[in-house]
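These come from TrEMBL:
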TRANSMEM  29-47  transmembrane segment
TRANSMEM  121-139  transmembrane segment
TRANSMEM  160-186  transmembrane segment
TRANSMEM  206-229  transmembrane segment
TRANSMEM  236-255  transmembrane segment
TRANSMEM  286-307  transmembrane segment
TRANSMEM  328-350  transmembrane segment
TRANSMEM  379-399  transmembrane segment
TRANSMEM  420-446  transmembrane segment
TRANSMEM  452-473  transmembrane segment
TRANSMEM  534-557  transmembrane segment
TRANSMEM  633-651  transmembrane segment
Amino acid sequence: MVIAALKTTTLLTTAPLVAVAEFADQAVVVVYLLGSLVLGLYASRWLRGPQSPSAGEAEAGDQASDREDDYFLAGRRVPGWVNGVSFAATALNADVGPTYCGLAVVIGLPVAFFYLPRFALAWMIAAVLFAVRWRQLGVRTGPEFYAVRFSGSRTRIMRIYMALFMVLVNMVPWIGAGMLGVHKIFGPAFDIDPLAASWGVDPKLVTLGMVMPVLMLYVWTSGFAGVVVTDVMQSLVIVGASLMLLGAVFLEHGGPTGLADALRTSLPPEQAAEALSTWPIWDHAVLGPIVVLTWLIVPTVGRGGIVDLEGQRLFSCKSDRDAAHMNVWGLIGLCFMLLLLTLPALGLLVNHPELYTAPPAEREKAYELLLSEYLPTGLFGIALAALLASVMSTISSHLSYGSQTLLHDVLRPLLPGRRWLAPGTASAVWAGRLLMLVILGLGVIVTFNATSLIGIAIVLAGMYGATATVYWGQWWWWRVNFWSWLTAMVGGPITYALLGGVTLGGTPLVPGLLPRWAWWAEQVQKGPAAADGMAMLQAAIGMALTLVAWVAVTLCTQPEPLDVLMRFYKRARPMGLWGPVRKACLAQHDPAWTPPPTGLLVSGLGVAVIGAVAVGAGTLALSVATVGRWGEATLFAIAALMLGALLSRLLDKHLVSMDASR
């Protein structure tokens, strides 16, 4: 969910993320940047298709059809595991280290339940129920879906609106926050402020001028191929730095068992029991079961029904099966990276037990403290490179997909028939590159106005979070029409504003109903963690009310024309409630079309749950092994292996039923 993710970026507007680095550390960062550049520039030779045609051929022949796919989709030749690792790396940003480590020191081992509910089931649903169908739909971007699913000229409005919202609200703020993160890492590490002062310029300009050309050069030249290949390298850097940090913690405290003993000695008995618990504590001040449950529901609902960055990776996979495996590998990679990122914070609790009850402003300094206390010169540079890796992955992915979306779903519908925008042409690729500069420019504006513009993005993302249910509805129910979509798009923001009000920069703009409820206000006043939990509950209530609204409108209005629905059903083969449309398609007795099996939605949900539990069990196995609970770790590991084997078998069977290409 965008609002939850963007809320953490506000820390980037306050303080540097790291201290001044030694020369050896700076050298490591420079080597990393050069390595990213070289790898990104050569990526197109490994992933993209055959030699691109000349400009004349590109305007004339079928050979040109690969030209745009080569640039924006890496020739549709990317293995599923590569796209999965890339997607996991993109989910990380500069704020991930301070945010997650800050949570780890006040939660302990159960911090795994901060990210498992948010990602595990949601990504598995996307993998099992949607990935293959998106591929079989044959579109280039997520917003193009609306031109296939709905009817009439209004589909152009839907497509343009969704594209602009994705780019301006879901991407540009992330790019701006990411560039600000680059400054917060690179600026202090290289002591940029004195240099900028001597030149009389803003330090952000100096920092971005040193780092961004490297990123832009390989994204501009190699396109999406450069993004995914460098993402793999950046993931290895992140994992390597985290393993190095965890090893330093083990070395100081005598291994996993010694770390657990040190925590029991350092913390009061009750706090030690909470920090070493496998499961969330019921009345924990930050992460109790109710918060975990809302984190499970809100980010999961609607997942897969519309795609943005995820879509670029699905469409660029070399087969339908690779597309389904992409989300599975992405989930495994993301949980592994977040696990390694948070576990070293346990060592910090031994030396600083006061952090366990620290307020948010103090605990967000835990990551910098962890790096400075456990990493010597040289190794500190690897950690800096890992921070930069997380930022560069996010920025490059958003630039690549954002430019493709503006080209395909905004310019082409607004300027139909323009030869220079024809799919597959060299001129269309160049138009995409120029749009990339526009997006980058908007991101720079956010960077220099971070507090206000990111705050606006948070408000907008929260207002539109209640619309998520219609994304599943448009795939799973034939009755969903334009008015259903419009009700969700309008009703969701109105519901959000009426329930909780709208506040920007600390100034209330719209009063809310829930804050006037005495019980609700009492819960919010219990502390920041309680307030976050109530915010998630508000989001769930908003989703439910918006769902009721658009379903009611759907039942009171006519569905899309039957010929449009039949064409979509034959092309996309959706699951769920499509009985009348399926019956009409069967009545045509088309020998070239085979109807999809029934019951795939229910069975697919079961497969997704098994996959989510398998990844969760594997994560918990590594988590408890960190504190030397070998018996418990073995049981979790056995469960993960057994469920993983079952997942592999059931997923393969499910993909066969979906006619997934290999």
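Each Cβ is built from the backbone N, Cα and C atoms, and glycine gets one as well.
When Cβ-Cβ distances below 8 Å are used as the criterion, the transmembrane segment (534-557) is approached by residues 1, 3-4, 290-291, 294-295, 297-298, 301, 462, 465-470, 473, 477, 479-481, 483-485, 487-488, 491-492, 495-496, 499-500, 514, 520, 523-524 of the same chain, each at least six residues removed from its ends. With a cut-off of 8 Å between Cβ atoms, the residues of this chain six or more beyond the transmembrane segment (29-47) that come close are 21, 70, 74-75, 77-78, 186, 189-190, 211, 214-215, 217-219, 221-223, 225-230, 233-234, 237, 381, 384-385, 388-389, 392. Per-stretch counts of Cβ pairs under 8 Å to the transmembrane segment (420-446) identify 160-186 as the leading one among 121-139, 160-186, 328-350, 379-399.
Within its own chain, the transmembrane segment (328-350) has Cβ neighbours under 8 Å at 80-81, 83-89, 91-92, 96-97, 100-101, 103-105, 108-109, 111-112, 115-116, 119-120, 123-124, 127, 235, 238-239, 242-243, 245-246, 248-249, 252-253, 259, 262-263, 265-267, 275, 313, 356, 366-367, 369-370, 373-374, 611, 615, 618-619, 622-623, 626-627, 651, counting only residues six or more beyond its boundaries.
The transmembrane segment (379-399) is in contact with the transmembrane segment (160-186), judged by 3+ CB-CB distances under 8 Å for residue pairs 6 or more apart in sequence. Among residues of the same chain six or more beyond the transmembrane segment (286-307), those with a C-beta under 8 A of the stretch's C-beta atoms are 1, 4, 103, 106-107, 110-111, 113-114, 117-119, 121-123, 125-126, 129-131, 134, 142, 145, 162, 280, 314, 465, 467-475, 529, 532-533, 536-537, 539-540, 543.
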